[in-house]
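Database features, via Swiss-Prot:
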type	residues	note
DISULFID	C111-C190	disulfide bond
CARBOHYD	N3	N-linked glycosylation site
CARBOHYD	N13	N-linked glycosylation site
CARBOHYD	N25	N-linked glycosylation site
TOPO_DOM	1-39	topological domain 'Extracellular'
TOPO_DOM	64-74	topological domain 'Cytoplasmic'
TOPO_DOM	100-114	topological domain 'Extracellular'
TOPO_DOM	135-159	topological domain 'Cytoplasmic'
TOPO_DOM	180-204	topological domain 'Extracellular'
TOPO_DOM	227-250	topological domain 'Cytoplasmic'
TOPO_DOM	276-285	topological domain 'Extracellular'
TOPO_DOM	301-329	topological domain 'Cytoplasmic'
TRANSMEM	40-63	transmembrane segment
TRANSMEM	75-99	transmembrane segment
TRANSMEM	115-134	transmembrane segment
TRANSMEM	160-179	transmembrane segment
TRANSMEM	205-226	transmembrane segment
TRANSMEM	251-275	transmembrane segment
TRANSMEM	286-300	transmembrane segment
Amino acid sequence: MHNLSLFEPGRGNVSCGGPFLGCPNESNPAPLPLPQPLAVAVPVVYGVICAVGLAGNSAVLYVLLRTPRMKTVTNVFILNLAIADELFTLVLPINIADFLLRRWPFGEVMCKLIVAVDQYNTFSSLYFLAVMSADRYLVVLATAESRRVSGRTYGAARAVSLAVWALVTLVVLPFAVFARLDEEQGRRQCVLVFPQPEAFWWRASRLYTLVLGFAIPVSTICALYITLLCRLRAIQLDSHAKALDRAKKRVTLLVVAILAVCLLCWTPYHLSTIVALTTDLPQTPLVIGISYFITSLSYANSCLNPFLYAFLDDSFRRSLRQLVSCRTA
């Protein structure tokens, strides 16, 4: 369902916003039938992502909420990332049902809710990663200068997280407003129904997502890390700062790894948006297959972060083992 993957390839409504590289014009009479291998592979891949994501993010939430020593500033942001991923994987079965049934059976309220959750997933990851990058900027710079970051507390991190959720809610609200049920080729679909001219509004929605969901947060993150590297080059670390730097290196590595995986999963989708805005690709089986691959890659981001925590965070591994052993004892 990515950036409304509730929409089908090749459908006639020019408000198409799904994961597809091209947008069909209004004269297309019917959607192209999916190749049989793709019709089988897509729900299987979505199902695996859903199962792995639910299990992994549930484990992350369990550890972070039940272990007192895991209540750190960085983990507040990781907790919110896990909540966003968990919400998305919880509604992914509805996407799978929509794909298999080829129609929307869940009503308009659920349509608006699923569209909103989908958009939360699109925007929240990079927004929280921008906040985590800003936090790393302050911590690493303060470490290099042998000082503490004033006001960096667990409570402050929670307040910032609430502010991020409020901002994301404002950003995704237009999608929920435009989402509604519409009859297309005799089937009821959950789609974005834009005012006239639809083509203009469709392009505006894709540009809106590209700028607010990718260009601004990624530019902010890049600016933070470039500025940090330039500042560090000008600072001579003393022995105390070097010791602190080594102690905090794993946390910084974890944040950078989460960011790298997020960009790997989301960049192809946003590049496809540029293609959709600048070209008029036909809805061929190849284009549809590439589009579903891009969608699946963006979905996969919701199940990969727990593996990063398990491999890169010793505290997370220890806490998870202790909680599991306590439950089985």
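Including glycine, each Cβ sits where the backbone N, Cα and C put it.
Counting every protein chain shown, the number of other Cβ atoms lying within 10 Å of the Cβ of C111 (disulfide bond) is 23. By number of Cβ pairs under 8 Å, the transmembrane segment (160-179) is matched best by 115-134 from the list 40-63, 75-99, 115-134, 205-226, 286-300. When averaged over the topological domain 'Cytoplasmic' (64-74), pLDDT in the model lands at 84. C190 (disulfide bond) falls within a strand segment according to DSSP. For C190 (disulfide bond), other Cβ atoms within 10 Å of its Cβ number 25.
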